[in-house]
């Protein structure tokens, strides 16, 4: 299935139903009074996270999603039915953004999390609400309010503990294959990886972490060169970044310069992302001798002013890979993910209906019936006719 990590859709909540102007007309009950019911509330639009989905391809072609409109009120004090809600299933890790205001509505980071993205309109009031001691036959009502309508940008951001950075052909996909059961495509040409992929690295029987591989970056990626930087968003939720460097590039480029290019592109994309913990890992040491690799790595680290530790591995042969994964696992366990306490069930906000009704009644709509009277006529289905006789 094709990997789609962005989708722009239109969500429309249902409008509230209008109130009804009606009067009770029944045999033996003269002047029965108002009995117009309220309308129904409009339906809402929700997003829910589903761990069984891994792409937004379902929203690539179908762009508009509308909830049901609330029914209008009816006579006999009957309230209209509420409009039907709709729930859209999206992958875990999806972020919802209002495309007009760029407001982040929320992130769905756990399976089953549910988020309201468009609120339905409130119901209108029937003429029964306007009955009073001085207004026995009210002909006022209110209409329902419109539901929310939004252009919603959905962004899928992979949830991983470790993110891989590097130029094309640095060996990122080979590393994923070495530490996990994932089998991303590996070849001897640039941009073999075209879409992000995930792998689960197991360290022992009950210890594991998730690693994300994204397409390689090149100089000018921030300006759209290569595959651009659109996939860097998948690293925003990682706890540590692994910067994989080819210690002896086949194109004879300078590894120190290559490191600077990646750091520059990362900073241009997001200053916050560039401040994440980053480990420097030199790959393909099997292509040169171990002593030469040590000396070359030391020289590169001095050129870029690297003050932290660095690793030398060969993802192709597995040399030193186990030590690296063990240290990554220890770091992840020592630095648990900082997640704000989120209620999986959204706090229910109780709408102040009394205040809404009071405000709505200040600006009612008055029905003007040219031939309105409360007396019975032959056109009425049923009722009581008053016959006055002179005694």
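Including glycine, each Cβ sits where the backbone N, Cα and C put it.
As written in Swiss-Prot, here are the features:
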type    : residues                                    : note
BINDING : 166-173, 191-195, 213-216, 283-286, 314-316 : GTP binding site
BINDING : 173, 193                                    : Mg(2+) binding site
DOMAIN  : 1-159                                       : domain 'Obg'
DOMAIN  : 160-333                                     : domain 'OBG-type G'
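Counted over every protein chain shown, other Cβ atoms within 10 Å are most numerous around 173 among the binding-site residues 173, 314. The Cβ neighbour count for residue 215 (GTP binding site), using a 10 Å radius and every protein chain shown, is 24. Straight-line distance linking the Cα atoms of residue 284 (GTP binding site) and residue 173 (Mg(2+) binding site), rounded to a whole number, equals 13 Å. Residue 173 (Mg(2+) binding site) falls within a helical segment according to DSSP. Around the Cβ of residue 172 (GTP binding site), 29 further Cβ atoms fall within 10 Å across all displayed protein chains. In the three-state DSSP scheme, residue 195 (GTP binding site) falls into the coil class.
Following the DSSP three-state reduction, the secondary structure of residue 314 (GTP binding site) is strand. With a cut-off of 8 Å between CB atoms and residues at least 6 apart in sequence, the same chain places 172, 216, 217, 243, 244, 245, 246, 262 near residue 166 (GTP binding site), listed in sequence order.
The binding-site residues close to residue 173 (Mg(2+) binding site), defined as a CA atom within 10 A of its CA, are 215 out of 195, 215, 314.
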